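Per TrEMBL, these features apply:
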- HIS127, HIS129, GLU134, HIS173: Mn(2+) binding site (BINDING)
- HIS129, GLU134: oxalate binding site (BINDING)
- CYS44-CYS60: disulfide bond (DISULFID)
- 82-225: domain 'Cupin type-1' (DOMAIN)
- 1-34: signal peptide (SIGNAL)
Amino acid sequence: MGAYRTQRSTHDLLKLLVVALCASTAFFLGDVHAADPDPLADFCVADLSPNAPLVNGYACKPRTNVTTDDFVYTGFRQAAASDAQIMQSPTGAVVSLAGPKEWPGLNTQGVTHARLDFAIGGVVPLHTHPRAAETLLVLKGTIYTGFISDDNILYASTLKQGDVILFPKALLHFQLNVGNETAITFNTLTSQNPGLLLSANQIFKPNITSAVIEKSFGIDAATVKLLKASYPGHP
């Protein structure tokens, strides 16, 4: 009889452990989001007025004030700078970004768009978007581009007009114009607030003690000082 009670007690304990495990798993999974949360309405045009409440994103404009123009963006018809200005920019590339602030209809839709213009040899330096995956479509020119996986493997390709590449969420990636003409790409990111972390900025802009950088890269203090003074920053 004692053995039966012990067996039953053990069985009941195992059941409780399973229930507790399932409950805790459901709790954590319920709080994890792989992308921007789904909208609660078909659209929520951003209210950019000065007195609009501040929320995680933008409050919705009253529907009586919404027009077709809220859903149309024409800012990519022209480059954000002239060819001469793009050539003279620090990296030879200029990025035009369209999020909810520039394109109110994007609010709550979980997407941002960008136009990238490259001079010959222009580059968008190594960077990540912590909250978004990204696709790049070449509209003009020849772009060498790729990303680095979490096991430090480079996946790169030379793309021509009409080609598309995917950069997985939060992975380090870059773009370089390797053609003999200017280049244009159209990029889509899977968040209305994708974030931007430029590798050079992350390392050299904060006041990290030189010894950390020296030992991380196997370089001396003079080289660290030279790099801090010369890195180009954001395109």
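Backbone N, Cα and C define each Cβ position, glycine as well.
Residue counts for the domain 'Cupin type-1' (82-225) under DSSP, split into helix (H, G, I), strand (E, B) and coil, are 28 helix, 57 strand, 59 coil.
In this structure, the CA atom of HIS173 (Mn(2+) binding site) is 31 Å away from the CA atom of CYS44 (disulfide bond). There are 20 other Cβ atoms within 10 Å of the Cβ belonging to HIS127 (Mn(2+) binding site). Counting only same-chain residues six or more apart in sequence, the Cβ atoms lying under 8 angstroms from the Cβ of HIS129 (Mn(2+) binding site) belong to PHE167, LYS169, ALA170, LEU189, SER191, PRO194, GLY195, LEU196, LEU197. Cβ atoms within 8 Å of the centroid of the Cβ atoms of HIS127, HIS129, GLU134, HIS173 (the Mn(2+) site) belong to the same-chain residues THR128, ALA132, PHE147, PHE167, LEU171, LEU172, LEU189, PRO194, LEU196, site residues excluded. On the 0 to 100 pLDDT scale, the domain 'Cupin type-1' (82-225) averages 96 in this prediction. Counting every protein chain shown, 22 other Cβ atoms lie within 10 Å of the Cβ of HIS173 (Mn(2+) binding site). Listed in sequence order, TYR58, CYS60, LYS61, ASN107, THR108 are the same-chain residues at least 6 apart in sequence whose CB falls under 8 Å from the CB of CYS44 (disulfide bond).
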